[in-house]
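In what follows, a single structure is set out as structure tokens and then discussed.
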Amino acid sequence: MTDHATPVVSMDAITKTFPGVKALDAVQLDLYASQVTALVGENGAGKSTTVKILTGIYFPDGGTIRIDGEPVTFANANAAADAGITAIHQETVLFDELTVAENIFIGHAPRTRWGLIDKAAMQSAAFKLLQDIGATFDPRTLLRDLGIANKHLVAVARALSVDARVVIMDEPTAALSHKEIEELYELVETLKKQGKAILFISHKFDEIFRIADRYTVFRDGGFVGAGLISEIDEDALVQLMVGRTVEHIFPERTPNVAEDVLQVVGYAHPTEFADINFTLKRGEILGFYGLVGAGRSEFMQSLFGITKPSKGVCKINGSIRVIRSPADAVANGIVYVPEDRGKQGTIIGLPIFQNISLPSLGRTSKSGFLRLAEEFKLAREYSERLDLRAASLDQDVGNLSGGNQQKVVIAKWLATQPQVIILDEPTKGIDIGSKAAVHEFMAELAEQGLSVIMVSSEIPEVIGMSDRVIVMRDGRIEAELEGDALSPETLVRHAAGISATQMEEA
Amino acid sequence: MVLRHIPIREGILGAAILVLLGLVSIRYSGFIAPANLANVFNDTAPLIILALGQMVVILTRCIDLSVAANLALTGMVVAMLNVAMPGLPIPVILAIAILLGAMMGAINGLLVWKLAIPPIVVTLGTMTVFRGIIFLISEGKWINAHEMSTAFTGFSRTAFLGLPVLSWIAIATVIVFGVMMSRTALGRSVFAVGGNPHAAVYTGIDVGKTQFLAFVLSGALAGLTGYLWVARYAVAYVDIARGFELEVVAACVIGGISIAGGIGSVGGAVLGALFLGVVKNALPVVNISPFWQLAISGSAILIAVAFNARAGRSKGRIILKSAEGSV
């Protein structure tokens, strides 16, 4: 193929450092005209940072970006757009109450002589753009009347409206249905024919092998390999993606066989998940792995009573319990530490001790009146257990550092004396040192007889911490792995839905 | 030690009220005579009671614009009851007023909770509906002092330990709400729901139900004030207390209750109401036009909001190790 042609865009030895983290370490990425390059890597491999550097949102600390072989620097996002690089983001940023044409041209609409927006010109230009990508709807329709797939087409049209040469698609199929995905593939073909260079970020191996011409693999912010898709198979690509050089040390644990604490039978939801069956033993850490959008968090929210399952039974210590609200869940000894701790964790404005005692007010009050002394006692006990660093327990929780706020959230839950604790992405966005502390702490909780459900997208964490792992895909349990069957390769295969026959060959 | 427990915001507002009193007393020293201050307090009592209910609602990230209409409707209903059944004892009248007000609050609360309609729209709607109902039941007629029984109109004015019952009811409400907000699970939920509704859900607090209860409380207080108001002024008609809801909201805002929810205190609401009460009573005494009074109240709102916005601005993250502990 055109291997010796000059790439449209080339990132050469790009490095980007954030305080405490090297997000990208001298990575290499070339994008060629009329070709789809798949960027592959686990969470945290540096894919999003790459996109942000290419679109001018981040400024690299080192290395060179070349366009047609000429070094360039992007001072801001507009500079990248002027150079013909556009991105279609995971969550498309569009305006529901505007028409399709207005969405496409917002910010750069054609003007009349008087400086007003030239509606006719805008509509005909939008019509042409939509036709080019095979969209059949009228540019005058309101965006909110379109389905997700068509909204996506609008986002693509908007990206193309600035005369793009490079189109970045960041997990474009994550939220689409099967049929919509097919339409997207056709669109990618159309863009290829128009000579665009496409960077395609995806976790799904079937689509990578179907539409990509080249691959580039990042791991932990470093460049691992690149080449032509036709010269690699799925196994080799998985190997490149997960193969690890540095092993993070996880706490030693001796799994003890104990009685079942929680039994979930046939949990289902009309649109989010189905047929969820599993048991959880006392003192066990059960990992839930899957791609983003596999339905893990949705299921956990239902188990915690935030959303109602349409079917399914939940048994705690052998007896059937109905959980229809978070208050029911807490009363039954199930607590949930959500992923977005800033939004769902602490209550800024309340002092530390009140944050900790909030779900336990039933125990700290007497005949309807709260007893502050009891609350303080409870808060002190659990904050000492977690080694919380705070000047005093009646200071506002908002003054604490992120790590200490997280401790407050965990102390809050432990104070309810739960049997099952659900941790959703417990180490997302925290540095290596704090990660190790969280892992230690999880092991300690399990040691004390608490059952832990850990939802995680980080393969080393899932493997290092879990006694058993349930892999979810498309809202169903794809596999339950344990012991020797638990390896990075098997996890990725099950999560990405690589077929069983191929696995046997491997 | 004691000073440490008086929050800065309430301290400043309290000082502002004292300065205001001081300035007025330069022109007219009689204003700060205890008897006159007691009159000012009594005059502000309805505002204090309503501001406490409004405070709870605002803390849960809602707003109740229907309080004044609720007050007027309850006032009209109890006045008509009094005309029809002059022998009805005052405790029964009080119970009816509180229950009726709570029911109207419950309507607001249910619409916000179950239908998820924005509170400002709900209460704007019920406000108009309540006023309309007053017109329908009274046929637009006034109920005047001579039609009401003396027990009915005399209750709020009866002196007890040197203060009228109206003042005592306000004081009792302040105490009850003070205890409720600081020492009961409901009070804590109110702060949690306003401070971080998402986190409140995960804590097992029902956000909608808490907001519903806030509206019920606000409605009950509006109902109570409805009777007291009609008894005090000895007249009931469609337009009583029209526009008073904005004064109630203003008292809360001046008192440092954050319109964004989650931040505020009983002390703040009371001081906010007292500030407005002092302004209203002092200006005529020193011969300042009532139009200045509007301008001063308005400025006070803006100053209070600007001040709170500055104080509430996050100080940024402490990243530098050397800065830790210095904030």
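Residue numbering: from 1, along the chain as shown.
Placement of Cβ uses the backbone N, Cα and C atoms for every residue, glycine included.
If one looks beyond the transmembrane segment (B:12-32) by at least 6 residues along the same chain, the residues whose Cβ comes under 8 Å of a Cβ in the stretch are 254-256, 268, 271-272, 274-275, 278-279, 282, 285-286, 304, 307. Annotation comment: TrEMBL describes B:12-32 (among others) as transmembrane segment.
As annotated by TrEMBL, transmembrane segment applies to B:44-60 (among others). Long-range contacts of the transmembrane segment (B:44-60) within the same chain, counting only residues at least 6 positions beyond its ends with a Cβ under 8 Å from a Cβ of the stretch, are 67-68, 71, 119, 166-167, 169-170, 173-174, 177, 181, 190-191, 193-194, 207, 210-211, 214-215, 217-222, 224-225, 228-229, 232, 244, 247-249, 251-252, 255, 257-259, 261-264, 266, 268-270, 272-274, 276-278, 280-281.
The transmembrane segment annotation in TrEMBL covers B:90-113 (among others).
According to TrEMBL, the feature transmembrane segment maps to B:120-138 (among others).
A Cβ distance under 8 Å defines the sequence-distant neighbours of the transmembrane segment (B:158-179), meaning residues of its chain 6+ beyond its ends; these are 38, 41-42, 44-46, 48-49, 52, 55-56, 221, 224, 228, 232, 266-267, 270. What TrEMBL lists as transmembrane segment is B:158-179 (among others).
Per TrEMBL, transmembrane segment is recorded for B:211-234 (among others). Long-range neighbours of the transmembrane segment (B:211-234) within the same chain, counting only residues 6 or more positions beyond its ends whose Cβ lies under 8 Å from a Cβ of the stretch, are 45-46, 49-50, 52-54, 56-57, 59-62, 64, 66-68, 70-76, 78-79, 93-94, 97-106, 108-110, 112-113, 119, 144-145, 148, 152-157, 166, 169, 173, 186, 190, 193, 240-241.
What TrEMBL lists as transmembrane segment is B:246-279 (among others).
Within its own chain, the transmembrane segment (B:291-311) has Cβ neighbours under 8 Å at 8-9, 12-13, 247, 250, 253-256, 258-259, 263, 272, 275-276, 279-280, 283, counting only residues six or more beyond its boundaries. Look at TrEMBL and you will find B:291-311 (among others) tagged as transmembrane segment.
For the transmembrane segment (B:246-279), the residues of the chain that approach it from at least six positions outside its boundaries are 7, 9-10, 13-14, 16-17, 20-21, 24, 40-41, 43-44, 47-48, 50-52, 54-55, 58-63, 65, 67-68, 174, 177-178, 181-182, 191, 193-196, 293, 296-297, 300-301, 304-305, 308, 312, judged by C-beta separation under 8 angstroms.
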